[in-house]
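Copied over from TrEMBL, here are the features:
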BINDING   ASN39, LEU41, GLY66, GLU88, ASP114, ASN144  S-adenosyl-L-methionine binding site
DOMAIN    46-237  domain 'Ribosomal RNA adenine methylase transferase N-terminal'
Amino acid sequence: FCLMAAPGKVAAFRLPPLPTIGEIIKLFRLKALKQLSQNFLLDLRLTDKIVQQAGKLKNAHVCEVGPGPGGITRSILSAGVEQLLLIEKDSRFIPGLQMLSEAAPGKVRIVHGDILTYKMEKAFPKHLKKSWEDEPPNIHIIGNLPFSVSTPLIIKWLENVSKRDGPFIYGRTQMTLTFQKEVGERLTANPGSKQRSRLSVMAQHLCTVENCFVIPGEAFVPKPEVDVAVVHFTPLVQPKIQQPFELVEKVVQSVFQFRRKYCFRGVETLFPENGRLKRTEQLMMTANVDPTLRPFQLSMSQFRSLCNAYRKMCDEDPSLFVFNYREELRQKKMKRRLLGSTGQLEQTEEENQL
């Protein structure tokens, strides 16, 4: 294929005629790898729709995560972006992406690497930086993420939002990403919803999260067993819980340890066995949270109160923050084995659930 960009600068960027995504897949003998949970989106109307959720991209700087055979990549380029950074871990896709790069001279930069380790602090030009209080910068992250990396990646980026580093060193960078439908529902679930989870609280305390639309599984090749949600994130100027990310994550994770039980049961896991009950009561009373609520019933303001009260207790006793409930269980288990007690092979209900 001889691909030439149109000579001279034109008002609206248009990609020259290219082989279809299906033809690219055949040409480079690309096959979705199940172990990498890869699924290709071939319908360019759907890739256009995903890109539209990002907002106005004309003259924007965009990072696409895991472009694969380049369906969404074409839609991003057609939106008239200034620069497009592609981060692709799988080397099999690089030749097809280079073909797209040649079709859009000077617009595309390809990085063969892993998004989980790539340093996003240097991904975009410095002049694009905006103050956190300003409107979001003209920078966007877009990606049809493999299911295996979507949750760890969004947790990593939420931590970056909290610390204003990584891709958020430039300001309140917006993200438009795909997730399994169930994960998309968790990210946007309200208090009281059965989908409400640790992910809901962590995402919503730091960002405005919108579940844009759902793509049916049959639109992908190979067809996944689930439908796919497109979710848009805009970091908030002020997080809803004004505490360090690690502290908020520890409290929220503990509360949701036993999601079907009363919330005080999870709160107990924040404290060592010695004095656990007394400290749990103290925390619940200080935070003014009903201990008989289920974790998914707690509002954002109740989580804020729990985090603030826990922070106060940690300031008074710094050993609290480094306490690890799972480690305590592990030590108890080892002790039982060493003592050769009759119950050495039995597990407590807590150990089973954890």
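Each Cβ is built from the backbone N, Cα and C atoms, and glycine gets one as well.
Predicted, not measured: the structure shown is a model, and the values here were computed from it.
What TrEMBL annotates, mapped onto the structure for a quick look.
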residue: LEU41; record: S-adenosyl-L-methionine binding site; Cβ contacts under 8 Å, 6 or more apart: THR47, GLY71, ILE72, ASN144, ILE215, ALA219, PHE220
residue: GLY66; record: S-adenosyl-L-methionine binding site; Cβ contacts under 8 Å, 6 or more apart: ILE87, GLU88, LYS89, ILE115, GLY143, ASN144, LEU145, PRO146, VAL149
residue: ASP114; record: S-adenosyl-L-methionine binding site; Cβ contacts under 8 Å, 6 or more apart: LYS89
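Take ASN39, LEU41, GLY66, GLU88, ASP114, ASN144, the residues named in the record as contacts for S-adenosyl-L-methionine: the widest Cα to Cα gap among them comes to 21 Å. Of the listed binding-site residues, namely ASN39, ASN144, the sparsest Cβ surroundings within 10 Å are found at ASN39. Mean pLDDT for the domain 'Ribosomal RNA adenine methylase transferase N-terminal' (46-237) in this predicted model: 95. All chains included, 23 other C-beta atoms sit within 10 angstroms of the C-beta of GLU88 (S-adenosyl-L-methionine binding site).
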